[in-house]
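Heads up: the structure comes next, in structure tokens.
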Amino acid sequence: MPPKSRAVAQPSSQRVVRKPVAQEPKPPQLEPIVAFYVFFAANILAALFSPIQDCDEVFNYWEPTHYLNRGYGLQTWEYSPEYAIRSWTYTGVHAAIIWLGHLLLRNNMAGFYFLRLVLALVCSLCETRLYSTISRTMNPRVAIFFLMVMIFSPGMYHASAAYLPSSFTMYTTMLGFSAFMDWRGGIRTAQGIFWFALGALLGWPFAGALVVPFVLEEVLLATVTGELYEGFWRLLTGAVRSLVLLVVQMGIDTFFYKKLVCVPLNIVLYNVFSGGSKGPNIYGVEPWHFYIRNLALNFNVWFFLAMAALPLLLFQHVIRQKSISKQTLLRGVVFVSPFYLWLGIFTLQSHKEERFMYPAYPALALNAAMSLHVLLANFGSADPRDLVSKIPPKLKLAVVSLFVLGSFDLGALRTIGVMTAYSAPLSVYKPLNKEGATKPGDHVCLGKEWYRFPSSYFLPDQVRAKFIKSEFSGLLPGEFSEANVGFGFFPGTWLMPSGMNDENKEDPGKYIDLEHCKFLVDSHLPSVPSTSLEPNYISDTETWEKMTCKPFLDAGRTSTLGRLLWVPDWPFIPPRFRRKWGEYCLLRRRDQSGKRRLGWDEDGKHRLNLFRQSYPGLGIDDNACLRSRTPHRAGLRTLSPSSGCISASGLFLRSPIRIIHIMSDLRRRAEQQAEDAKHWVRHSCNAAHAKLNTTLKNADIDPKHLLYGVLLVATLAWVASIVTRRLRSRKVPVSRPSTPDLEKRSPFKAPTREPGVWIPQDFKRPAAAPYPDWSVTDTKPLPYRPFRYGPKYNVTMGLRTMHWDEWIELDNHYMKFHDLKAQRIIERGKKCSYTAPEAFDGAVELVEELCDYLPQRYPSLYRKTAVGMDNVVTGESFNIVERPLKEDPMQMAARFVQDDLAIMFEKADGQYYLLAGSILLAGFWRLEDKFGMPLSEIHTSGDVPQFKEKLEKGMMNFFRRVQPGNPVLRNNYFIQVDDNLAWSNSIGSEDSEGIGWFTAEKNKAIENHWFRSERQSLRRLPRSGGVVFTIRTYFHPITDICAEPYVPGRLASAVRSWGDDVSKYKGKERYQEVLLEYLDKKHEEQVANGLDLSKEDEYRAYPY
């Protein structure tokens, strides 16, 4: 046979005309840039419309990011420095992206969607990278199938733009796969390890398991080829890159937490080695088949194809002995194994969440694409030896088309179903962002809908989300500390928050009273009965008015088909298959007190102008109308001469002729607007029709074929509904875990007991960490300034959660307080310190608690002994085990701390009585006056403002339900016109009968004005059940605190906001002229010296 390069001459008579050899058709291909556009379009839809699936996304990532961007946000226990299992590096990167977005878009909500769009872009780039690698290294048809799975699966609709570490690791997984699969120019093991390490360290440590098959391949390859040195070097290079990344991350996280932390290690330790009442299982467990059901729902047929990838691959190579790609069997096994590995690992875990599967979604899509490629390669075989070769090609095409279109339809119906059913939480907050709808300091409250809150990015600036009590009984998020004075950058990241625990124990301090809510987000689902803790607020129209309501799927009344897929409300669909709806509403408190400003709002002015322009002869006086304070709800219907709005010359409006003229004019205008709308619709339809025809013609698509395709899709959807109806599954009631999904709920039962009966609890206060660098001479008092700007002063309990380390605060005023207390104990004895016999055990319990806590927190001041505690500075020794004690236990406890102390005990009547106390530095009240009184009488006898109206009920409820593990804090303040810390002589002698502000000298010099602030902690003693008050007083000259930025202006505004009752209680009339004049003067000086009032929120936050 002659060589191909040489032509063979033949006689003309013998020449043969040969047919050209048919070349094997190339598989269909799609350019990477086109694939990117397809990916990006799908991900943009997800970013704009996908509801938030998991409240962890909001509270663990959106809210901390909001804190970095805006200076406030909700904080979960994971971000407490005590646990530190969330990385500020990961959050900080996203906060920087939003910050860039805010340079262009000032709206808070715009930052939310800007980040989502960036995440959609990043996901699209990663998808395109993996698509290109699959097309190049395996088979272009496998790559197209991969694209189809990724863009038509409901799972990717949720995962692509989610702000979750699991989504981030999904991105890095795609980049890692690409690096390991693409060997052009050499093996990229180090690059692949780095990408997986980036996802594991910065995102989720467990995602590192996905790299195992590729590392094993590297080891096997190095062993077989004998290139052990090269293989070891590639692995070492990847490890070094990962270590550098870890060091950088630890440095950033250490900066934020202000202590050396390794967040990935902390995550592993908590999730793997926690047990008992801790660990992920306390948030709910699921059966072994949870992920099978979930993946089948989110990927339909693609999931089953992914599960079949390895058997089909072995079948193709071993039995059929045909290759389906450019890769060997070993590489094929390596490519499909990560999905099995991931599914196996997490199926074995008891705690399961849908988002845990996100990192493996690309692996699932790759497996499904390879399986479909194998099946089509065999199904399309033309080999006469194969049975499938007997099937007509058109029938094969029909079967394949039905399969693919059916998978597309199922995915689309599921995606649309979720979007339409659960998108209300992303919509109802929009009215709040309209101009004038809110003001700084407003509260948007969340009850049973707390876990659907889409983050503070949906609220206007300085409008806060708050929680009210619902049936949920786990731990809700707190708030990042907003202290800015002297705390450096982002103090909320390292200051120890209060009320946090890793056991999901409820903290009552996370709730506020419903009365303090101006707005409320609530839902009403007819299938869910109302309870006392979760009433139907929407129906309470006397208290709340609807700002906006959106439909929300009532899963309890909707059939299985309606919950799984989108079912339109078309007439021919049987009612039992249609979806049933409830309401998801944003409510605004109605103004029942009359304090809301009446009169015309901006919308009223606008309507008034339109009315005047329409009827210029009416004689409307704008100023008179605005002064008439006509309720804006009445609109223009109430205009009358008596209100002054209509002049005498305008009275002809009431004549029948004028009324007929106006009605005729209105009808004419309505008809004209209807005609204009009809022309616009006709023009738009014609333009759309022409554009569609042009598009179809350019794409060479027969309109009939397009119509048939649409009908086919509808038919498949109908068939799917019939099949699903026959396979309806039984509903199994499940309890909602603390991290709930969109449809779970959980019951809650409050602890009950008989009044006056306390069953000792086996609770031990957590060990206190030593106060950092505490010194009895150098540690300054904390700058509590617990007053707010007016114009309204709210009388509330003002409770917030307390971290156990913060129970007692000591500073460099300790010796002054200690000596003053010792002197008053000598001078006044039982008048200031006394324990009732029935309260002795509770007082002793308090002494024991202090002797345990103080040496832990202040080891340089106190040393624990076998019998009690020694004061290292004063030389005092306290024996708390001897009987009888050398002194009253409350008197002994008073010597330990700078606080005044009091213990309330419940009696059989359900009232709490003051039965033990040491009140030595109260300033304005005496223990001997209040001792033995119930809680209510203590306050009413002191004329506490609005106690009966606003405080008594909430206070009594709080006392009844407070548990030993839930301590709280509160602050208050007073103005005093003398410098006596222990007792303010300006209101009278401590031993006189008639005391009060009426005895105080009026308008004393400013040098005599002192700022008195109290920090109170409340906790229940576990053994005796007594509720302990600690009252720490901070006492400073007004002239000193007014040297601090913003303080004079804020304090002046606060004093002016006091109502008459509060002013009388605080003695305002005796000092207001001198005080306010001084405060205004100092405030003006600060402003003149360049004080930027707009930056106050960056400088301080309540209670500082």
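A Cβ is built for glycine as well, from the same backbone N, Cα and C atoms used for every other residue.
Checked against TrEMBL, the range among 1-23, 1013-1035, 1059-1081, 1082-1104 recorded as region 'Disordered' is 1-23.
For the transmembrane segment (360-379), the most Cβ-contacting stretch among 109-126, 193-216, 231-248, 260-277, 297-316 is 297-316 (pairs under 8 Å). Residues 49-51, 148, 152-154, 157-158, 297-302, 376, 379, 552-553, 562-567, 579, 712-713, 716-717, 720, 742 of the same chain sit 6 or more residues outside the transmembrane segment (399-422) yet have a Cβ under 8 Å from a Cβ within it. Proximity of distant same-chain residues to the transmembrane segment (297-316), defined by a Cβ-Cβ separation under 8 Å and at least 6 residues beyond the stretch ends, is recorded for 149, 153-155, 158, 322-324, 329, 332-333, 336-337, 339-340, 354, 363-365, 367-368, 370-372, 374-375, 377-378, 403, 406-407, 410-411, 414, 564.
The transmembrane segment (33-52) and the transmembrane segment (260-277) are not in contact, since fewer than 3 Cβ pairs between them lie under 8 Å (pairs 6 or more apart in sequence). Beyond its flanks by at least six residues, the transmembrane segment (193-216) meets 87, 89-90, 93, 165-166, 168-173, 175-176, 179-180, 235, 238-239, 241-242, 245-246, 249, 264-265, 267-268, 271, 334, 337-338, 341-342, 345, 359-360, 363 of its own chain at Cβ-Cβ distances under 8 Å.
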